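Student: Let me begin by handing over the structure; questions about it come next.
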Amino acid sequence: MSQERTAQLIEQKLSMLEPKFLRIDNESHMHSGPATDSHFKVTLVSSAFDGVRTVARHQKVYGILSDELAGPVHALSLHLHTPEEWQTDSTIPDSPACMGGSKHD
Amino acid sequence: MDIMQVIKDQIENNDILLYMKGSPNQPLCGFSARTVQAVMDCGQKFAYVDVLSNQDIRANLPKYGNWPTFPQLWVKGELIGGCDIVTEMYEKGELKTLLEEAAPAE
């Protein structure tokens, strides 16, 4: 499966949250191991997160992407905001570089 | 003992508990490194479990907490989050407050 395919699948599945903003960064190049579609960063702005605490927002997205997380996706960095929060602060933090701990997986 | 019971005991018996890849002095994943740095910087004692050397826990903790990835920070029996959430809380100063309140009295 190509990395574009995985990113497309993520985008397709997350469309159910009716995102106001959605960006998917493939960060697999920053990490060890042979997989090129393994590490992603998702920035998503949606009204679905209104009044939902951060842990539950992440769990919602993990649930939607459970097949991908059980398969090719090894790391998923999530930055999930309500439209209101996004208006106040729309910075997307950098993800850390890999240190190789899972390279024998 | 059943692995789910082991996890439950760890979470219930440690007020501040970090599941990570590697150890605080030698983290083996960038996400774990960033998270443990934030936790250490708050200055409270904490427990940690290296999931790379505890594969049973690595395989089963995601089911226990409905959270598929590592690191995971648990405080007073509650899942606080992974690297993204912990980093965000650290930058806002919320992590320090949370950990100070959770730390056992000396």
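Each residue, glycine too, has its Cβ placed from N, Cα and C.
Because TrEMBL annotations are produced automatically, they should be read as predictions rather than curated entries.
TrEMBL feature annotations, pasted as is:
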BINDING   B:Lys21, B:Arg58, B:Phe70, B:Cys83, B:Asp84  glutathione binding site
BINDING   B:Cys29  [2Fe-2S] cluster binding site
DOMAIN    B:16-80  domain 'Glutaredoxin'
Student: Among the binding-site residues B:Lys21, B:Arg58, whose Cβ has the fewest other Cβ atoms within 10 Å?
Tutor: B:Arg58
Student: Count up the helix, strand and coil residues in the domain 'Glutaredoxin' (B:16-80) according to DSSP, in that order.
Tutor: 23 helix, 18 strand, 24 coil
Student: Going by Cα-Cα distance, which of the binding-site residues (B:Lys21, B:Arg58, B:Phe70, B:Cys83, B:Asp84) sits nearest to the residue listed as '[2Fe-2S] cluster binding site'?
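Tutor: Result for the residue listed as '[2Fe-2S] cluster binding site': the nearest of the binding-site residues is B:Lys21.
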Student: List every residue in the same chain as B:Cys83 (glutathione binding site), at least 6 positions away in sequence, whose Cβ is under 8 Å from its Cβ.
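Tutor: Looking at Cβ-Cβ distances below 8 Å from B:Cys83 (glutathione binding site), excluding near sequence neighbours, one finds B:Phe31, B:Ser32, B:Arg34, B:Thr35, B:Pro71.
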Student: Return the count of C-beta atoms lying within 10 angstroms of the C-beta of B:Asp84 (glutathione binding site), excluding that atom itself.
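Tutor: That number is 21.
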Student: Across the whole of the domain 'Glutaredoxin' (B:16-80), what does the mean pLDDT come to? Round it, please.
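Tutor: Summarising the domain 'Glutaredoxin' (B:16-80) by its mean pLDDT gives 97.
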Student: Can you give me the same-chain residues 6 or more apart in sequence from B:Phe70 (glutathione binding site) with a CB-CB distance under 8 Å?
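Tutor: B:Tyr19, B:Met20, B:Lys21, B:Cys29, B:Phe31, B:Ser32, B:Val51, B:Arg58, B:Leu61, B:Gly82 - these are the non-local Cβ neighbours of B:Phe70 (glutathione binding site), listed in sequence order.
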